[in-house]
């Protein structure tokens, strides 16, 4: 008899924020709905501007466009179901629905980690090896790097999700989270999961910590190059080209590392929910804002697109 035949759970219940009062859940619904709409509008705007404006056709903005697509997907996987649990108290999710949500969470999460590392490499080449930048970061190379970042999500999502949902679920079905994340779901398994947890730790190191170390190494070299520049104005302009990416990386990785690398004994389910909100809900909204406010080229492009769309007399 296989584990699958032991499984008697055909749906899960997302605990989400059910411990809060109905009034507070309604306020959270309005807050998260607003954030969700801002996330979609902001990232769609970044995609449109970097596509139609001729001044934003460099590799940096090609990767930024890919990041916005990832953020939209990442947000759509998590937020709509969370909004449903808050406003209509629809806390149930089918066995297949839970597996699908987890699959795409792994997919977009791993792809984003790799894409952020690719963006750091792009800034490293632009600043540390500017003469060879057009050759190294040609159109074909950028397409290959972006495709590799997207593809990296498939193996980890397929392996992790298939393995988790091949375990038997024969007891409680309450997932103490607002989405089907791996740790709260694996806690419901009625079998030995020690081998999976070891593999999961290795996958987390590979797809979170390793890209982070690559980003860290890239910025060590970048900062070393910037500090050797004789002109203070040159230092400022050079650093401004990567400050937006550095801020985005800091927001994403600080919460992701705190979530997945802290000992279980020191992490309560409620604190993990708050940390998860940071990188699944808040950060995707902040990314287009950061790139719009801290990048003069994006701000100028937004003004040009607005003039072409609305006309100068309406601005």
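Note: Cβ is positioned from N, Cα and C throughout, glycine not excepted.
The transmembrane segment annotation in TrEMBL covers 12-38 (among others). Sequence-distant neighbours of the transmembrane segment (12-38) (same chain, 6+ residues past either end, Cβ-Cβ under 8 Å): 75, 79-83, 85-87, 89, 91-95, 98, 173-180, 185, 188, 273, 281-282, 285.
If you look up TrEMBL, you'll see 42-291 marked as domain 'G-protein coupled receptors family 1 profile'.
Residues annotated as transmembrane segment in TrEMBL: 102-121 (among others).
Proximity of distant same-chain residues to the transmembrane segment (142-165), defined by a Cβ-Cβ separation under 8 Å and at least 6 residues beyond the stretch ends, is recorded for 59, 62-63, 66, 95, 98-99, 102-104, 106-111, 113-115, 117-118, 121-122, 182, 185-186, 189, 196, 199-200, 203, 206-207. What TrEMBL records for 142-165 (among others) is transmembrane segment.
What TrEMBL records for 201-223 (among others) is transmembrane segment.
The annotation transmembrane segment is assigned in TrEMBL to 244-262 (among others). If one looks beyond the transmembrane segment (244-262) by at least 6 residues along the same chain, the residues whose Cβ comes under 8 Å of a Cβ in the stretch are 67, 109, 112-113, 116, 119-120, 123, 204, 208-209, 212, 215, 219, 272, 275-276, 278-279, 283, 286-287, 290-291, 294-295.
If you look up TrEMBL, you'll see 274-293 (among others) marked as transmembrane segment. Long-range Cβ contacts of the transmembrane segment (274-293) within its own chain (Cβ-Cβ under 8 Å, at least 6 residues beyond either end) map to 32, 35-36, 38-39, 42-43, 45-46, 64, 67-68, 71-72, 74-75, 78-79, 82, 177-179, 181, 244, 247-248, 251-252, 255-256, 258-259, 299, 302.
Same-chain neighbours of the transmembrane segment (201-223): 109-110, 113-114, 116-117, 120-121, 123-124, 127-128, 152, 156, 159-160, 242, 246, 249, 253, 256-257, 260-261, counting only residues six or more beyond its ends whose CB sits under 8 Å from a CB of the stretch.
As a whole-number mean, the pLDDT of the domain 'G-protein coupled receptors family 1 profile' (42-291) in this prediction is 87.
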